Amino acid sequence: MKKISFGTSLHNPIFRQLYLAQTISLLGDALTWLGLALLAFELAGKSAPIVLAGALTLRVIAFTLLSPVAGVLADRVDRKPILIITHLGRMLLVCLLPFVNSIWQIYALVLGLNMLNAFFSPTYQATIPLVTDASEYPQAIALSSTTYQILGVFGPGIAGILALFVGARDLFFWDGLSFIIAAILIGTLPRNLRTDAATAGNRSIQQIRSDIQVGTLRLWTDAPIRYGLLLQLVASIAGAQILVNTVGYVQGKLGHTAVEYGWVMMGFGLGATLGTIAIGIFPQYRSKILTLLGGGILINAALLGADNVGLVPLILLWAIAGCGQSLINLSMQTLIADRTPKDLQGRVYGAHFAWSHLWWAGAYPLAGWLGTTFGDRTFLYGSLIGLALLTAVHLALAPDRFAHTHAEIWHTHPHHHDFHHEHQHEHLTEVTIDDSLSESLHQRSTHAHPHAHSQVSHTHAYTDISHQHS
């Protein structure tokens with residue numbers, strides 16, 4: 001069995017440096033989100049799920065409103081300044097978090113951080129296919145996603161231990177340092193990060209609005225991408241339960257500390273990492289649609305019995321959920337890369353970032369409400385909602401094979417009398433053709449005139465960007 005190595009993409013020096021910047025940034029970012037959860041619990045106690053839900057809702061509102069604009073910008077200008085400015089801006093804001101002493105300050109800083117992140121994330125995602133070729137970008141995306149899972153979710157385990165020595169608030173300073181280092185690495189990249197179609201010229205509001213619509217239309221008119229986007233809605237319902245209600249379950253119901261909370265989230269990260277690695281190693285042996293479905297089943301099924309388990313079973317269940325989350329998110333990223341021209345990828349990734357986070361804008365308040373209203377049945381009800389939605393989406397929209405109709409067309413091109421082009425010519429004289437005349441008559445028989453292709457309806461597996469047709 002042929003295996004694909006993540007190291008293939010790291011042979012590309014530009015991607016390697018970009019990837020290193022991402023890794024350092026995410027290492028600190030992991031500390032920030034654990035610090036926010038602990039800070040919310042410190043300031044709000046049992047109401048921490050509501051505080052976290054509010055902060056995370058502001059996060060996705062920023063993503064939803066600004067990511068499409070970021071995608072347009074990424075297609076029109078050099079992406080390097082966008083990546084640098086968003087890193088430095090976030091560094092300044094995270095260094096203010098240790099001084100927070102009220103809930104509204106958490107909300108304000110989280111909103112500011114994620115307004116900047118709304119410009120960074122889709123720009124970075126669209127840059128990976130730009131700096132890698134067709135043989136590299138599937139592994140580059142997988143490696144980037146693996147690193148995100150390891151450091152973005154696995155990191156809280158490290159943060160929980162570090163918090164014992166430096167305190168939860170000082171974790172934010174480590175994140176600030178990571179943003180500075182990442183900005184330096186991006187600033188020293190040896191080339192501009194501009195698409196061939198990019199232009200620095202002024203654009204009207206109408207043109208910008210049109211560009212935003214292009215990204216959204218490509219998301220919703222492409223059957224496999226549309227299916228994946230709705231599966232991300234399913235995953236957001238379960239994922240929000242984990243991010244919002246785990247800290248209260250571990251430190252409240254089970255009576256553990258920040259260290260054990262970090263272990264539980266480490267389990268989620270480990271499962272996410274294993275799922276991402278599996279997809280990166282075996283991309284050619286899987287159906288993206290079946291992988292999306294499998295991910296939706298795993299992440300929701302893991303929550304079914306999570307309301308009444310101890311620490312170790314919870315870690316195992318969260319590992320299963322993390323694997324499901326990776327199967328959905330990585331398959332969606334590769335679908336977009338497969339099916340979108342490079343000069344449109346900034347707009348499509350920006351639109352995708354907005355829509356996928358719009359789902360979380362509803363999922364976070366739902367998780368907060370379930371956590372404070374139903375207590376011991378929080379995860380059960382969240383899982384049942386997710387599984388019901390998964391069933392409806394799959395039955396209605398699964399596009400492994402889909403029927404469509406090609407309308408009748410008239411066109412002209414040189415042709416012979418073959419299966420597609422049987423027709424009669426007036427004054428045709430019957431002749432006997434021997435071998436010596438066959439070649440010349442064959443050449444003379446080639447001709448051109450308008451002819452019709454009849455309307456046809458058929459069914460076949462979905463196409464990728466290399467096999468688009470009308």
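Positions of Cβ are set from backbone N, Cα and C atoms, glycine also.
Any TrEMBL annotation is an automated prediction that lacks curation.
Note on TrEMBL: of 85-106, 107-128, 261-282, the range annotated with the feature transmembrane segment is 261-282. It is 171-189 that, among the stretches 47-70, 171-189, 227-249, 261-282, 348-367, forms the most Cβ pairs under 8 Å with the transmembrane segment (20-41). In this chain, the transmembrane segment (227-249) lies apart from the transmembrane segment (171-189): fewer than three C-beta pairs between them fall below 8 angstroms, excluding pairs fewer than 6 positions apart. Long-range neighbours of the transmembrane segment (348-367) within the same chain, counting only residues 6 or more positions beyond its ends whose Cβ lies under 8 Å from a Cβ of the stretch, are 49, 52-54, 56-57, 59-61, 63-72, 74, 118, 121-122, 125-126, 212, 214-216, 218-219, 225, 229, 232-233, 236-237, 239-241, 243-245, 332, 336, 340, 378, 382, 385. If you look at the transmembrane segment (312-336), the same-chain residues 6 or more away from its ends with a CB under 8 A from one of its CBs are 125, 138, 141-142, 145, 149, 153, 224-225, 228-229, 231-232, 234-235, 238-239, 242, 246, 249-250, 263-276, 279-280, 283, 288, 291-292, 294-303, 305-306, 345, 348-349, 352, 356.
Taking Cβ pairs closer than 8 Å, the transmembrane segment (171-189) reaches residues 14, 17-18, 20-22, 24-29, 31-32, 34-35, 80, 83-84, 87-88, 90-92, 94-95, 97-98, 159, 162-163 in its own chain, all 6 or more past its ends. Below 8 angstroms of C-beta separation, residues 224, 227-228, 231, 234-235, 237-239, 241-242, 275, 279, 314, 317-318, 320-321, 323-328, 331-332, 379-380, 382-384, 386-387, 390, 394, 398-400, 462 of the same chain, each at least six residues beyond the ends of the transmembrane segment (289-306), sit close to that stretch.
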